[in-house]
Amino acid sequence: MAMVCLSDFEAYAKKYLPKIAWDFFAAGADDCSTRDENILAYRRIRFRPRVLRDVSMMDIRTKLLGTEISFPVGIAPTGFHQLAWPDGEKSTARAAKAMNTCYIASTYSTCTLQEISTAAPGGLRWFQLYIHRNREVSQQLVQQAEDLGFQGLVLTVDLPYTGKRRDDVRNGFRLPPHMKLKNLEGAFGVCRTSPYGLPPNSLDPSVTWNDIYWLRSLTHLPIILKGILTKEDAELAARHGVQGIIVSNHGGRQLDGGPATVDALVEVVEAVQGRVEVYLDGGIRKGSDVLKALALGAKCVFIGRPALWGLAYKGEEGLQDVLRILQDEFRLSMALAG
């Protein structure tokens, strides 16, 4: 079967992944209306193409906080990559390096930060952090990431508690016994009865804007906040001195009924007035979606589920295929839009 677009990888993953793994990756919160809206919102946006512009030469490179990447699509943080491919996050890191783009490794990886770093030395990687009640655990992870050469710290701010994902509840989702949250081994008691391998309520729901200062005291890495959807929070982020914002609703997995990320993008961009780099995730399925997000002010987009579909298809090679398709479609969309 020829893999022509991202939908082909989605269909393959749905067919061949175990149902419990597919449902975990696909899940949205409650009715999944925000998850679905992330995609539908792009269909409502229309280009105003210009013609007779010389598009024989195009430069699709961009920079993330000063570091060049080959095109404005990175890999968003998602957990449990070994559910999609045996080598898990090591394959993800290698694919990102091969395509010269940014990979944001999740706290909830099934490979250690050391393994991810060793798999693709010299690749551009950021580390995504959840703050746990045991602050020492978070502090150690931040310092480990910095020591291993990760170049940015992405704090997820929209998960004081885990959203209700109905299929995970119906399936009784648990990590398989041979898989572990490698970065948190030994940090908490092993909890096989909890869906995500951690004790219930291990995340800290008391995190506030003041904790940005605490994080800043731990690291020299630039701080990027993931999960901003309003101009008010964008303004607060800028005021607290962060270097980047990822406009994100957690792939529609947290609060159902919030805005699609591309709909929230404009007010965030207008609020920060260039003080902070603005990125976006959620709903990117075509190169033209990337162009729409950039036209509305995003510096770069990040893909979550499509990266997992690529892994499910053929590991590192499959993920490179996904990125290459997006790259080619983005270049073509740029040319056709003038």
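Any Cβ shown, glycine's included, is placed from N, Cα and C.
Under the heading domain 'FMN hydroxy acid dehydrogenase', TrEMBL lists 1-338. The FMN binding site feature in TrEMBL is assigned to 77-79, Ser106, Gln128, Tyr130, Thr156, Lys226, Ser248, 281-285, 304-305. According to TrEMBL, the feature glyoxylate binding site maps to Arg165, His250, Arg253. The active site, proton acceptor annotation in TrEMBL covers His250.
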Do you know offhand how many angstrom separate Thr156 (FMN binding site) and His250 (glyoxylate binding site) by C-alpha?
-> 9
Among Pro77, Gly79, which are binding-site residues, the residue with the most C-beta atoms within 10 angstroms of its C-beta = Pro77
In the chain carrying His250 (glyoxylate binding site), residues 6 or more apart in sequence that have Cβ under 8 angstroms from it | Thr156, Asp158, Leu159, Gly163, Gly227
Lowest local Cβ density among Gln128, Thr156, Ser248, which the record lists as binding-site residues, within 10 Å | Thr156
Could you state the CA-to-CA distance between Arg253 (glyoxylate binding site) and Gly282 (FMN binding site) to the nearest Å?
-> 11
Whole-number Å distance between the CA of Pro77 (FMN binding site) and the CA of Arg165 (glyoxylate binding site)?
-> 18
Cβ-Cβ neighbours of Arg165 (glyoxylate binding site) (radius 10 Å) = 24
Lowest local Cβ density (other Cβ within 10 Å) among binding-site residues: Gly282, Gly304 | Gly304
Residues near the glyoxylate site, Arg165, His250, Arg253 excluded, by Cβ within 8 Å of the Cβ center?
-> Ala27, Gly28, Ala29, Arg35, Thr162, Gly163, Gly251, Gly252, Gln254
